[in-house]
């Protein structure tokens, strides 16, 4: 059809840890998915594969982006850019570790290198059965030896010692290469990974341990973006979590202006935090503040404190809570944490119907596909006016159902949200008491409840866990018009 059905798979050291939704019939997919991974300290790489989902047969691999641990660590502020997709070569897709013991004698004649292949673990499956038939191949100084083949396993146990007689004199650039292969009855054997050692760097005593299997050095040319590119934002955070009592001084400092409001509002820790927080880190700070104050049972007083400070700085009621301030971000995060089950209860029935019906909706004449009017009328294609009228009628119907569901859900709205909005309304009324500003108290609430809660969930249900998959382009357009 000239398009793809792309999705992404995320691997850490070749272990699949996450998968995005499939975006149907698109060469320019938008996922917008944020994935948080808890990684082991010694991880080596993060790889994102882009695949094309097929209804019949195996999904096609389009390409991949590989980021090493070192590459991610080198950018403390995170990586946020377009990265070209690289082709996927089976010989590069290795995984697992091998347990070895190496012994190089310091002197003696002849000098014999002993390579003890003990076992391997988590090897890549190369056979249809989901296993492999691994054997080890060791090369040194022009000689090659192999272990026995262990059938149908990804965790072979060889326990074999292979010995090599070393040449006299200095070892120089001599290399010991240990490779693992999958034995096949028919056709060539499949590569499973390798590890190399320079003999002059090995200690005279035994060198023993688990070693990560690596691919052959890549000879792949840069395809210059021919396979496409992936926009990624990746950031590595390394946190050390201490016992709870270590955090008490910080919690006391943060909650002091809430519990002891007599203190000057400009000199509190929260006020200073708000002043020094940059726009790009405000979301993170707001998320952590909400979690801390939820744990203390003080989230509603926190929101009251932050919104009161913002009200004091606002002179034009039309700009109230329009910026991504700490108050706005904290209220947004609070609604997501407290109100997600409520959001599902209210919106899910209507959104499910929109996804199932797949009605064609379009109001912009420049975007109309009149031939698709056959979905509305099987008799003939419709005119622009007919498509617009039909679309308007559908949108009014969907929107009416959404508004009715929201308005009829007052009793189910979580109590903390209702208390927070009641406080907000009172504070706005105190700040703008004139009759001409009577509606501001309602706009301030709807700015949060609709613009930052219900509308984003209608626009991208997948990100609010309302749907398992992203909308197809037609349904996505309907959701966009409804959200607007």
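From the backbone N, Cα and C atoms, a Cβ is placed for every residue, glycine too.
Since we're looking at a predicted model, the values are computed, not measured.
The domain 'C2' annotation in TrEMBL covers 1-83 (among others). In terms of DSSP helix, strand and coil, the domain 'C2' (1-83) has 5 helix, 34 strand, 44 coil.
Positions annotated as domain 'C2' by TrEMBL: 94-211 (among others). Confidence annotation: the domain 'C2' (94-211) carries a mean pLDDT of 85 in the model.
Marked as domain 'Ras-GAP' by TrEMBL: 281-484.
Broken down with DSSP, the domain 'C2' (94-211) shows 3 helix, 61 strand, 54 coil.
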